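Novice: Taken from TrEMBL, the feature transmembrane segment applies to E:27-49, E:109-125, E:162-185, E:205-230, E:242-264, E:270-291, E:367-388, E:408-430, E:505-522, E:565-584, E:791-814, E:820-840 (among others). According to TrEMBL, the domain 'NADH-Ubiquinone oxidoreductase (complex I) chain 5 N-terminal' annotation covers E:66-110. For E:126-403, the entry in TrEMBL reads domain 'NADH:quinone oxidoreductase/Mrp antiporter transmembrane'. The domain 'MrpA C-terminal/MbhD' annotation in TrEMBL covers E:609-674. Per TrEMBL, the feature domain 'MrpA C-terminal/MbhE' maps to E:684-764. The domain 'Na+/H+ antiporter MnhB subunit-related protein' annotation in TrEMBL covers E:794-916.
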Amino acid sequence: MKLLRRLLPHPYLTLLLTLTWLLLVNGWSLNSLLFGFMLGVLIPFFTQPYWPNRPRLGKPLKIAEYILVVLMDIVQANIIVARIVLFKPNADRRPNWITIPLDLKTPEAITALAGTITMTPGTLSADISDAGHALLVHCLDAPNPDAVRDEIKQRYERRLMEIFE
Amino acid sequence: MMQHLLIAPVVLPALVAPFIIMVLRHHLDLQRIFSVASAVLLAGVTLALAAQAADGTVKVYELGDWPAPFGIVLVLDRLSGMMIVLTSLLALPVLLYAIGSGWDTRGSNFHALFQFQLMGIMGAFLTGDAFNLFVFFEVLLIASYGLMIHSGGTRRFQAGVQYVVFNLLGSTLFLFALGTLYSVTGTLNMADLAVKVSQIPAEDTALLRAGAVMLLLVFAIKAALLPLHFWLPSAYANAPMPVAALFAIMTKVGAYSILRMYTLVFGPEVAATAGLTENWLLPAALLTLIAGAVGVLGSNKIGRLAAFGAIASMGTLLIAVSLFTQTATAAALYYLVHSTLAAALLFLVADLVMERQGGWILPQLPMPQTGLISALFFAAAIALAGMPPLSGFLGKLLVLDATRGSELATWIWAVILTGSLITIIGMARAGSLLFWKGHGLPQQNTDTSAEPPQQNPAARPAQLPFVACFGLLAGLVALTVFAGPATRYAEATAAQLFQPQAYIATVLGEEAK
Amino acid sequence: MASLFEFLVAAFLVMGGVFGIVGSYGLIKLNDPMSRLHAPTKATTLGVGGVLLASLLHAAVFEEHVSIHELMITLFLFLTAPITANFIAKVHIHRQETRETMPPAGEDDHWATHDKPEDEERRTAGRPDAAQ
Amino acid sequence: MELLVASAVGILTAAGIYLILRRRSFPVILGLSLITYAVNVFLFASGRLMTAAPPILNKYEEVAYTDPLPQALVLTAIVISFGMTAVVVMIALGAFLSSRDDRTALPAEPEGAGEDA
Amino acid sequence: MSLFLIAALPFLGAVFPALLIRAGRNAAASAAGLTTFLAFTGLMLHIPAIFRGETVFAAVDWLPALGLNAHFFLDGLGFLFAAMILGIGLLIILYARFYLSREDPMGQFYSYLLLFQGAMVGIVLSDNILLLLVFWELTSLSSFLLIGYWKHLPEGRQGARMALAVTGSGGLAMIAGMLLLGHIAGSYDLSVILQNKEAIQSSHLYLPALILILIGAFTKSAQFPFHFWLPHAMAAPTPVSAYLHSATMVKAGLFLMARLWPVLAGTPEWFYIVATTGLVTMLLGAVIALFKDDLKALLAFSTVSHLGLITMLLGFGTKFAAVAAVFHIINHATFKAALFMTAGIVDHEAGTRDIKRLGGLRHLMPVTFTIGTVAALSMGGIPPLNGFLSKEMMLEEASHTLWNGSHLIVPALVTAAAVFSAAYSFRFIAHVFLGPKREDYPGHPHDPNTGMWIGPAFLVLLVVLIGLASAKIAGPMVATAASAVIGGEKLPYYSLKLWHGLTPALYMSIAAVIGGAVLLALHKPLARVWDAAPRPEAKVIFEGLIGAFTRLSQAVTGGLHNGALTRYSAVMVAFTVVIAYLAYRGGTLGAPTRALQQPGLLPVTGWFALVVATLFIVVKHRNRLLSLVLIGVVGLVVSMAFNYLSAPDLALTQISVEVVTIILMLLALNFMPKETPAETPVLTRMRDGAIAVVAGLGAGGLIYALLMRDFAFPTISDFHLANSYKGGGGTNVVNVILVDFRGYDTFGEIIVLGIAAMVIFALTEAVLGSRVRAYLLNREPDLPRAGDSHPLMMVVATRVMMPLALMVAAYIFFRGHNLPGGGFIAGLVAAIAIIMQYMASGFAWATERQRYPYHAIIGSGVLIAASTGMGAWFNGMPFLTSAFGYIHWPPLEEFEWATAALFDLGVFLAVVGAVLLALESLSRFAWQPGISSEHAMDINPAREDAAKTGTEG
Amino acid sequence: MIENAAYFAFACFALAMLMNLWKIVTAPDIADRILALDTMFINAIALMVLYGLALGTEIFFEAAMIIAMLGFVSTVAYARFILRGNIIE
Ligand code: NA
Ligand code: NA
């Protein structure tokens, strides 16, 4: 068991890498699967010094849900922002900084949140506070910053809390 | 296994170098042992190969078992045999010198770089493929960059920048030339190029000629032909002197390549490239000689003097090369061997001097071991100036004799002889100031502008540098005493160069027909 | 059926093109540097995404082989775009802003970009042996 | 197409050489980078220009292939010039750090003093 | 004794003194004397043959290709000279043993002396004029060493260099002359040349050859206007002067003229050049000699004068004159060597050679006085000494020589010279030995020990004996030697005796003696006039010339190689463009054979982006960071262009290399100025711009012309396309070329990369080992720095990306043989994946986690590639021969194996190792002690919480 | 239809690239230039995928993927340079 843990320091990563391999070679053959798995074992083995203290992930369904939510938001928000860019005069726009206090603690979770914020158009994670307890977000057009902050905390951070901690 | 001997000059250093880096990185003594053993073995291998080529047969090694012109081939003929022997016989004393003087301890990776340097040079001499020649030029160049800046120092770095930048320009030009040649002929193999160039349709000659001449200029850069020689003085003068001594063969790579390409591919008989060099190559070579000789007289440091001496000797060599006749080529080949050994010796002597008093020709310090060093300087100086009894005089006579038929014979003679005179005066000035005037200086050092000797002499075998110098001197003496056999070999080599059909047929096999 | 897929592919292509150009147009049109930083996310997400979806669909339907490895590109872009944006934002904060012009950093003192090198020294000074 | 490639080569070469003729090592290295692009494209183009004909053999149908050889040559050339660039950058840096001066010109050495006799 | 041995003995002997000097001065001297004596004896063994009129040969081929062979011969002339060289050599060796002081390195002296002796013997025994040249130049070199023997004297160094410059340049001229002569005669062997008088004298090359050879002879024999070096050579120790400047080296020129007399003499050119030069030299030398106060200078100019005399005789071209010349050569050698030794004794004992401080020595040094007086009288032409005899013959011949139709010129000038000659000879006696004894000699004059005076005494004995019984003692020698000079023809009538009756010569002699006495009497006032008279000082002029030329050389060299790389590059580019254009002009360019392809939207866009970015770089290049950003644009466009033009492998490589290069340059730029100052003047920029534009036009024009024409022949890549799959087992032809068809190129290429990394590593070590280290440690960043050096988001993202990127690298590696990719690109991607860790978490942190030394990775890469190549040997195939095949292991599908993949693995490892070693080395510049490697990110709330609860660090 | 849509997309991304170029040339600040270059990388990816789609080949996939990866690395490198001077510390 100990040996297995050493060989497979992170099964999720091995799974992800095996999938990546199949994705890369664009096929599902047994050869590819075995080879991908082999690499999926080997590469984390060689790279584990670079990723100590890996977080434990919980609830795969939650992860899937989160991804779906984000993708939907991306499409929606893109259209809004495209309208702003194309049609809204600069003078009417209300760009704004928002401080988002963080309940998330692990770097991985914070990064996921920050990434989500950036990838959903209209908001952008710009910086983190000097002790890591707040996230600085920039809004392209936010007449009401507090609403944006609450939405982020509600919609994304809450879900991430469930996934990571 | 014997048929694989032809690749050995490349593979042997290519194995030893990484081995030194991987396994012996922290064992200086073992590095030295392996490096010297490799050099000795290399000398043996090259001698065996040259012996194979001596009877005039051309040997071809098809790398990857792909036939020419589709794969890369190594070709051994008299010329390449001679050049690899010269390289390995030069390398050994230079290596011993570097060990004996402790130069190899003054920076990292000296021995590995040295082996790689040899590999590059060997590869360049043996290849039968134009692009592969480029690759090995780069191997030898990059190793030379490392050796040139070995042990560091402000001025060495500054000179290194110039050396590298200028040679990168040269490498770029090489690629322009190769692209042009491939674009016209559709081939890269030198023998195949020869076939294609001889049959080139008239409408393609303009582009072919541009490519051919650019290639020549690339080689001329390596050969330090004026006005492409500017990289040499500061590079050689600021390199560690044993490295500069090894570099004595690098200019010859340029000369070799000119001889190779302009006898095999763009030979005197080839109509498409007729008259490509006639108007400018010889005058440029004459100016090179003058610039070198004047530089010898105008140098205030012995390293620079040696560098200009090397340029002057390249001028003489290129004069003979530029005539592209069989006799002149034979003379050039003899002179080539001589000038390589002579220049190397002068660089090593320069190092002996610099170690002891900083290298200023107007000396500020007296020098220990003046007697032996001055004798060696004297020998190197007369060798490089072309004074008897050493081979330089014979080489000079051969060149003068061979250029008699040229339209510019008067100019050639005048320049060679004047160049000799200026060199003699310059060498005499330097020698008398360094050794005679320096002899009378007070013992203690009051002037700090001279570079102090760099390291502890205890850690090195003190005799080895002199053994190395006398080894090179012995080479010069042997070249003098056995001038008859040596010139016979040179003549046979030249004859082979000017009848390239056998080379072409051997390389291309049935393709030739 | 084919024409539906044809339409879909075309639609993805057009969508991709539009968002692609919106992203780059935004870069020119928007008048403050932080706002400009929002624009490329459009190109990254729906711009490239649209083209990738079109490619995926096109391969599956019209060239009769499933090709999903375009997803790798998306994966990389989603992974990297936030970091890029974060860095460029930090450049702005570093060059254009000071601690004073920034909003408060919640319970903390200031934003990480405005950590002074002195602070760094303080942070490393506590453990000088860490370097050994 | 040929005109575009040729003029691009020309412009890259010209720009590269202009920068190589500057007096500081950094622009010289920039110039070398540009002229390396130029020569790579030049060498590549020596196989003539073809679109949509990569030299990846197609087992199923007869298609045209562009000349693969120059591509292999350029690949080698790119790698080599990368190594060279790395070295020249380092040497230039070494030169700058040792002398605090990034001029490429080699300063004249102080003359040795004394009576020339 | 074989001529080889005679010629070689001195050279062999030259080794011993230097080695034996530790055994003492006598050992060194004996060794030198013994070898000389052996050679002399060997020479004497040939007396019978020589005096029978035979010629002794010894020949061995040396450099037959050139006609330079070790052919020696000994005839009367050679014998005479060889005997003088070896004989006087013996006396000098003896003399020098006592002359040199304890501080002088005697071993060195004898070595040099024997070297010189060997060279001289070589000259006179050579049957091959090229061989003769070898020895000729050797005399210049060895005399250089001898003249400069007293290293500490500036005069010695100057004199040596002057002698070398003058005689060396003469030697060089002579090389040309000899080559011409040999060319005319069809051989370089004297025995052949001497048979070809008509051919030589009728050749159009006769005059150039003659002039060039004569330059050699005149410089060596100190003929006007090359005479000036000889007096300055007097800085040498006196034994050297006695040897070189009386009997041997300066006679080499005469020897050569005598040697070639049969084929060169007898023409008007010969007469006017040689005789006139001799005449002028003779007179000039005599005049100057009279006014020299330095004993050795007096003798030196007297030597010049006498050499002129002999030259003139040879120049007359008559047989009688030739006989007289030979005779005077002998006589001059005897009395002049004796005089030099006398001068040396005086100098040695009295402590000065200044005539003005001497006088009255006859009381203190009677032996020396006797020797000196006899020799000087002979020099002055006083009967019954030998000098008188040959001088008479000279006067006799001169008395009926026409010069340009005039009967008067030669006799008059000759008599004038004789007058001065007598005068300085008398002065030598009178002002040194006669007169009252003085109190103020610098030394304590007394006769030296026997070893020192025995040599000159012997010579003086010869002087007297030859004078009294010349026909008996010198007759046979003169006859054999003279007969050799005139080419074996019948000797003219002459008689070697004191009294010839009342001939014009006798009147001239008498006039000379009387005139000489008068001049001596008037010496004081004349000297005042002489000193006041303006005249060119040869030494000043020469030194000035050489100095000026040296300074000119320094200026030219310094000016030409002024260290400005920009100029070197500009010259190189301009030269290339011009030469390439001229070459292009020499050929023809046919009409286009290919149609222009219409570009679409994409290429035009790309082109536009490329051009704008490139030009913008030129405009903005002083902003260095911006330039790098723009280089990124260029790289991107070029990469896309490769893709568009069917070169996906190139596109991949280009973009990967691009990124690594930019990282590298950014790392370097950190330490360098961020701006390039504007320092070039407008004109320079315009010049550079012009060069650049022309070069750009050239490159662009060339590729355009190439692109518009088809290959002249089918290309070899058809073979690659056809055999890539069959023979190489891969469908990506570019990759198969790289790892198989031209795997050897790739082998060289990874080695380049490996070396590059090693060089960078070594350079880093060198820089960090120097004082730069201190600078770097105390360096203040030149731009304000932001906080948070290892941002949390970046660290997390790269942790995810690293395995992904390595996966991609593996993918690219394994598919490379069949689809775009391969070991090189895979290596770059893998390297970049690791670099991301460095960039995100810092150097210290990442280095600590690096398990495999990069040196070893490079080395193993090269070794794997080489081993794969060598593996083929065991199949009996050449290096790098690949093999591939297919494996089917159920239930797996069939898969391919190829040794090329192993080779590619070598490439992969070399690339990874090289890139990382390079970047790691560069990163070490910025490393500061105290930088933490404990944490990957600066800010991590989880860490703080953990610290609170104490669970993890 | 697909062809026309592809042309449209080509035109859009080509135009987008030119806009990026414009920004690189005219931007007042280096940060904007880096941003524009980064966007250019993304547009290049799109163009490459489009081109593959138009030719019906997957040969450009790797290039697009590598650009996605490497564009990031170079952008971060530029930004780090401005922020810290030293990109590996
Ligand atoms: Na967002
Ligand atoms: Na991005």
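Note: Cβ is positioned from N, Cα and C throughout, glycine not excepted.
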Novice: Let me spell it out: take the transmembrane segment (E:270-291), skip the flanking residues so only those 6+ beyond its ends count, and list any with a Cβ under 8 Å from a Cβ in it.
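Specialist: Beyond its ends, the transmembrane segment (E:270-291) has Cβ neighbours at 210-211, 214, 218, 222-224, 227, 257, 264, 297-317, 401, 403, 410, 413-414, 416-421, 423-424, 427, 519, 523, 526-527, 530-531.
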Novice: Give me the DSSP three-state residue breakdown of the domain 'NADH-Ubiquinone oxidoreductase (complex I) chain 5 N-terminal' (E:66-110), ordered helix, strand, coil.
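Specialist: The domain 'NADH-Ubiquinone oxidoreductase (complex I) chain 5 N-terminal' (E:66-110) comes out at 29 helix, 7 strand, 9 coil.
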Novice: For the domain 'MrpA C-terminal/MbhE' (E:684-764), what does DSSP give as the number of helix, strand and coil residues?
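Specialist: Helix, strand, coil within the domain 'MrpA C-terminal/MbhE' (E:684-764): 67 helix, 1 strand, 13 coil.
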Novice: Please tell me whether the transmembrane segment (E:408-430) and the transmembrane segment (E:367-388) touch - that is, whether there are at least 3 C-beta pairs under 8 Å between them, with each pair 6 or more apart in sequence.
Specialist: yes
Novice: Go through the chain and flag residues at least 6 beyond the ends of the transmembrane segment (E:242-264) whose CB is under 8 A from any CB in it; none is fine as an answer.
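Specialist: Distal contacts: 77, 81, 84-85, 88-89, 92, 95, 113, 116-117, 120, 123-124, 132, 136, 139, 143, 146-147, 174, 181, 185, 190, 193-194, 196-197, 200-201, 210, 213-214, 216-223, 230, 233-234, 236, 270, 274, 299-300, 303, 307, 310-311, 314, 322, 325-326, 329, 332-333, 336-337, 339-341, 344, 485-488.
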Novice: What does the DSSP secondary structure composition of the domain 'Na+/H+ antiporter MnhB subunit-related protein' (E:794-916) look like, as residue counts for helix, strand and coil?
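Specialist: Once the DSSP states are binned, the domain 'Na+/H+ antiporter MnhB subunit-related protein' (E:794-916) shows 87 helix, 8 strand, 28 coil.
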Novice: Sort the residues of the domain 'MrpA C-terminal/MbhD' (E:609-674) into helix, strand and coil with DSSP and give the three counts.
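Specialist: Going through the domain 'MrpA C-terminal/MbhD' (E:609-674) residue by residue, I get 55 helix, 1 strand, 10 coil.
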